[in-house]
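Notes follow the structure.
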Amino acid sequence: MNIRSNPQQTVPAVTTGPLSSSRKIFASPDAAPDLRVPLREIILSEGAGEPNLPVYDTSGPYTDPSVTIDVNAGLARSRKQWVLERGGVEEYEGRQVKPEDNGNLSTDKAARAFSAYHKPLRGLDGHKITQLEFARAGIITKEMIYVAARENLGRKEQLERAEAALADGESFGAEVPAFITPEFVRSEIARGRAIIPCNINHSELEPMIIGRNFLTKINANIGNSAVTSSVEEEVEKMVWAIRWGADTVMDLSTGRNIHTTREWILRNAPVPIGTVPIYQALEKCNGDPVKLTWELYKDTLIEQCEQGVDYFTIHAGVRLSYIHLTANRVTGIVSRGGSIMAKWCLAHHKESFLYTHFDEICDLMRKYDVSFSLGDGLRPGSIADANDRAQFAELETLGELTKIAWDKGCQVMIEGPGHVPMHKIKINMDKQLRECGEAPFYTLGPLTTDIAPGYDHITSGIGAAMIGWFGCAMLCYVTPKEHLGLPDRNDVKVGVITYKIAAHASDLAKGHPAAQLRDDALSRARFDFRWSDQFNLGLDPDTAKNFHDETLPKEAHKVAHFCSMCGPKFCSMKITQDVRDYAATLNDPNSIGMSLSGTAEDGMKQMSAKFKEMGSSVYLDAEKVKESNRVL
C-alpha cells in the first residue's frame, strides 16, 4: 500500500508492507549477537511438508510491519554507533548548502528540503577509516560480520549439498567457498577482490558486499531529468526498486533540485547509493562542459561525501590521447560522463582534471570511505564498436588507477560495457580481471544486440547472465525504456526483476551453494500443484498470480491439478503423477497387479520369443510382421 507519513505536508509517499506470504526475520551472527541481519522468509502452505524458505532481502524496514515509516524523519541511523566505536573520526559543521547545489532555483520552484540535519563525520589523519584499511590490518569490522551472515542467508553452518553444488558449477577461476565467514570477507576486501560500499555518513545503511566470490548483485538507476520527475517520484522509485531486489541504487539526477533529491533518497535508503558527481558539477556551470574546473568538481565531491553517497562513478580513464580512437566508431562516445570529459579535454587541449588530480580525489574519498566506481567513459554504444582500442585503452588506464586508489586505502570497483555481442563478452571479463587485479567488475548489461528498442531489458539480460557467470560482481539493470525515455515505476520493476533473473542464473552456473534452494522449492511446489507456493516462491508473486487468474480466477482453481495451458487431460505433471501412482500399486504386494520389475521382465520375454519366432533376423519382411501382430 502507499502511505503518507504526514498528509498535511508534501512528503514522498512510499510503498510499504511485506511481499505476498512473506515476513521479515533476523539472523544474529555468533561473532556479534547484537547485530540483526535482515532476511525475508517465504511462508509455505500447510501441505507443503517442508520448512519455510529464507531468502536474501534488500527491502529494508519498508517490508517490516513492526516499523513505523516516517519518510520525513528518515530511517534509523543505527550504523553511526559502529563508526564511532572504531574511532578515528570527527564530527564537524560541514559545508553549507549553496543555491547552485539545486540549480539556483527560486523559492517557489525549489523542492521542499529534508528537515532533519545531521552533522557529517570525516576521518582523522593517521587513523584507519576505510573497510580496506581495516581488512589489511587484520581487523574484522561489524560490517564484515553483517555481510557474511547476509550471504549465508542466516545459516550458522554450510549446507549438506554445498560441496556438490560447487563441484557441479563452472566458476571460471572464482573461489566461492562452501560457507562465508567474516574472515573470508575480510580477506577478500584486503585483496581488493570485494568492496563494502559504506560511507561513514550513510548511517541508515544495511551493509552489503560486492565481489565475484559472493552472490551476484544488481543495481537500479533512478534520477530526475530536466524535463520530468520529482523528488517524490524518485524516493518512491528507490523504495520500489529495493522492494523487488535492487542491491544498490544510483541517483543519476541531471535536472533541478539535485542536492535536495539526493538528501531525501539517502536519508531513506537502506542500500548503498551511488552517483556520478560530474552531472551535478555540470549543472553548476549551466551545462557547459568547457566551464568545468577542478575546484568546482572538488566542491561537489565534498558536498556528496558529507551527504553520505557510498560510491562515485568517476571517469578518470578518459584521457586526451584516447579521444581520437573513437573517431571511426559507429556511435562515438555514448557515456554522458565520458562525453563531458572528452569535450573538456578537447576544448582546453589538456589532460582530464579527473586524471591529473586523481591522488587528491583518493585522499578526499578515503576520509569518508566512499568507494570508487571507475567509470567506462569510452564504453561501446553499439555492438559494432565492442572491444575496440578506445574501450580497452581506457580499461588499461583504469587498472593503473585501481592500484593508486588501493595504495591510498580506497575501495574500488570497475565499470564495464555496454553493447557487446555474446562471443565477445568473456574477453571483456578476462581482460578486466587481468588489468585491474581482480577488482570487482560492474557492467551495464551488456546488450547483446541492437535491434530491439523497447526490449533492451531482454537484450541486456542475456549478456548480464553471461558476464555474471564469467565473474562480474554487480550488474546494472536496463529497463524497457533504455534509449527511449526516463523509466517510470513500472519500468523500474521490470528492469529489477529481469536482472534478478540474470544474477540468479549466473549464481547457479557458478555453483553457488545456496542458489538452487529456491529453484528446487518452487519445482516441488509446481509438481505438487501448490499454486500459491509456486507464486510466492517466484521473484514476482503478483504477476505470476495475475497471469494464472486471468483464465482460472476462482479460489478452487488454486488447488486444481492443471492450468489453462494444457487443461485437465494433457497436464504432463498430472500424467506423471498418475504413472507414479500406478507404479506404486504394482509394487504393492497386496495389489492385484504384479511388480513393476516383473511386468517389465515378462514383457521382455514375450518380445524375445516373438523375435525367435520371426526367424531371429534383424531385418524382417513387413507383411510377416503385420501378420504376426494380428496373431498376437
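Cβ atoms are placed via backbone N, Cα and C, with glycine included.
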- Note on the structure: Listed alongside Met250, Tyr279, His315, Ser335, Arg336, Gly337, Asp376, Gly377, Leu378, Arg379, Glu415, Tyr442 for substrate in Swiss-Prot, from Asn213, Asn221, Asn490, is Asn221
- Query: Do you know offhand how many angstrom separate Asn221 (substrate binding site) and His483 (Zn(2+) binding site) by C-alpha?
  - Reply: 14
- Candidate with the highest Cβ count within 10 Å, taken from the binding-site residues Tyr279, Tyr442: Tyr442
- Message: In whole Å, how far does the CA atom of His483 (Zn(2+) binding site) lie from that of Ser335 (substrate binding site)?
- Response: 12
- Item | For Gly337 (substrate binding site), nearby residues of its own chain (Cβ under 8 Å, 6 or more apart in sequence) | Val276, Ile278, Tyr279, Thr313, His315, Val318, Gly375, Gly377
- Message: Given the binding-site residues Ser335, Arg379, Tyr442, find the one whose Cα is closest in space to the Cα of His419 (Zn(2+) binding site).
- Response: Arg379
- Task: Name the secondary structure element type, per DSSP in three states, that contains Tyr279 (substrate binding site).
- Result: helix
- Item | Asn221 (substrate binding site): tally of other CB atoms within 10 A of its CB | 23
- Listed substrate-binding residues Asn221, Met250, Tyr279, His315, Ser335, Arg336, Gly337, Asp376, Gly377, Leu378, Arg379, Glu415, Tyr442 - what's their greatest C-alpha to C-alpha distance in Å? 20
